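Chemist: Let me begin by handing over the structure; questions about it come next.
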Amino acid sequence: MDFGLALLLAGLLGLLLGQSLQVKPLQVEPPEPVVAVALGASRQLTCRLACADRGASVQWRGLDTSLGAVQSDTGRSVLTVRNASLSAAGTRVCVGSCGGRTFQHTVQLLVYAFPDQLTVSPAALVPGDPEVACTAHKVTPVDPNALSFSLLVGGQELEGAQALGPEVQEEEEEPQGDEDVLFRVTERWRLPPLGTPVPPALYCQATMRLPGLELSHRQAIPVLHSPTSPEPPDTTSPESPDTTSPESPDTTSQEPPDTTSPEPPDKTSPEPAPQQGSTHTPRSPGSTRTRRPEISQAGPTQGEVIPTGSSKPAGDQLPAALWTSSAVLGLLLLALPTYHLWKRCRHLAEDDTHPPASLRLLPQVSAWAGLRGTGQVGISPS
């Protein structure tokens, strides 16, 4: 009888254990105890409970936080956090019950801000600079375990760089209303000698490490070479061709025709006019200017205009025009007194009482001609 009672108790215990094994614990997605959500983003948390008698109830609850939007049905509850703010961070608890038994699962919701806004100071390094600073703007959280900085060269941390510790300050922009307060964190390093050759750039890397999440942003810091090294090739290479090439052709090609061509026609052509040009001027350019045979063969004015025309077509037109205008002006000045003289002689010829000098000489000429015919020319009266 005792043996039968023992079997009965064992059967009942096995039945109870079987029912308990059929009841599964709560299933939460995502399963991590800490869930990170970006500031302004949205996230869903789903909680499920399977129960044999289909009488399970599941519900999300918040602890001193804004819970969010919750949709629940039999054995399932979904929590949605939209446009997450810093106030949405906190603890969420999923509570489920089945057959008189209660289960719960806790989730820590963490809201972070880590935009790609890194600035460096100075913007570019020169070998010998003592320090460099890197600042991450509008970030949270600022715990050193969550936010860290590193100074890299060639993908590895710069050896010998000494970190001086982060500086945390609130952003200068004042929050309005329910806006969240964000921070800027600055890390400074004391730089070692960069060595030779100098690397082209250093990199500031900021890393945000949260449970189930790791983000990194990187900002380049160019390294300029010493200012004295690039100057010699830059100054010597362009100056040598610039100074020698333009000066030699300018002085040799332009100066001789400028001094010889315009001066002689200005002095000789208007004064002698066409009378003395054939006797004097052809010899003077031949004797003084032995380099140009064209000047000795041509006339005084044309001989000096021809070489200028060959070298400078624009300069040839100006002396020729001056010579022509001077000649026309001289003819006009000579025509006016000639006309007045001719007019005066004409009036004297028409006047009977004042015959012209040519008419008064006629009797003497005729008398002299008569004496010559008789052979008495040259005999003085005695």
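Even glycines carry a Cβ here, placed using N, Cα and C.
In case it helps, Swiss-Prot gives these features for our protein:
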{"type": "DISULFID", "residues": "C47-C94", "note": "disulfide bond"}
{"type": "DISULFID", "residues": "C51-C98", "note": "disulfide bond"}
{"type": "DISULFID", "residues": "C134-C204", "note": "disulfide bond"}
{"type": "DOMAIN", "residues": "23-112", "note": "domain 'Ig-like 1'"}
{"type": "DOMAIN", "residues": "113-231", "note": "domain 'Ig-like 2'"}
{"type": "REPEAT", "residues": "248-255", "note": "repeat '4'"}
{"type": "REPEAT", "residues": "264-271", "note": "repeat '6'"}
{"type": "SIGNAL", "residues": "1-18", "note": "signal peptide"}
{"type": "TOPO_DOM", "residues": "339-382", "note": "topological domain 'Cytoplasmic'"}
Chemist: Any idea what DSSP makes of C51 (disulfide bond), helix, strand or coil?
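Modeler: Note: C51 (disulfide bond) is coil by DSSP, not helix or strand.
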Chemist: For a quick check of packing: other C-beta atoms within 10 Å of the C-beta of C51 (disulfide bond), how many?
Modeler: 19
Chemist: Using Cα-Cα distances with a 10 Å cut-off, which of the disulfide-bonded residues C51, C134, C204 are near C94 (disulfide bond)?
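Modeler: Within 10 Å Cα-Cα: none.
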Chemist: Looking only at the domain 'Ig-like 1' (23-112), what are its DSSP counts of helix, strand and coil residues?
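Modeler: When I sort the residues of the domain 'Ig-like 1' (23-112) into the three classes, I find 3 helix, 52 strand, 35 coil.
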Chemist: Under a three-state reading of DSSP, tell me whether C204 (disulfide bond) is helix, strand or coil.
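Modeler: The three-state answer is strand.
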Chemist: Mind giving me a neighbour count for C98 (disulfide bond)? Other Cβ atoms within 10 Å of its Cβ, every protein chain shown.
Modeler: 23
Chemist: In whole Å, note down how far the CA of C204 (disulfide bond) lies from the CA of C47 (disulfide bond).
Modeler: 41
Chemist: Including all protein chains displayed, how many Cβ atoms other than that of C134 (disulfide bond) lie within 10 Å of its Cβ?
Modeler: 24
Chemist: Same chain only, sequence gap of 6 or more: which residues have a CB within under 8 Å of the CB of C204 (disulfide bond)?
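Modeler: Those within reach of C204 (disulfide bond), by Cβ under 8 Å and sequence separation of 6 or more, are L118, V120, V132, C134, F149, S150, L151, L152, E187, R218, Q219, I221.
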Chemist: If you average pLDDT over the domain 'Ig-like 2' (113-231), what do you get?
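Modeler: Its mean pLDDT is 90.
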Chemist: Kindly report the helix/strand/coil residue split of the domain 'Ig-like 2' (113-231) according to DSSP, in that order.
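Modeler: Output for the domain 'Ig-like 2' (113-231) reads 1 helix, 63 strand, 55 coil.
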Chemist: Please determine which of the disulfide-bonded residues listed here (C47, C94) has the lowest count of neighbouring CB atoms within 10 Å.
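Modeler: Per-residue Cβ counts within 10 Å for the disulfide-bonded residues C47, C94 bottom out at C94.
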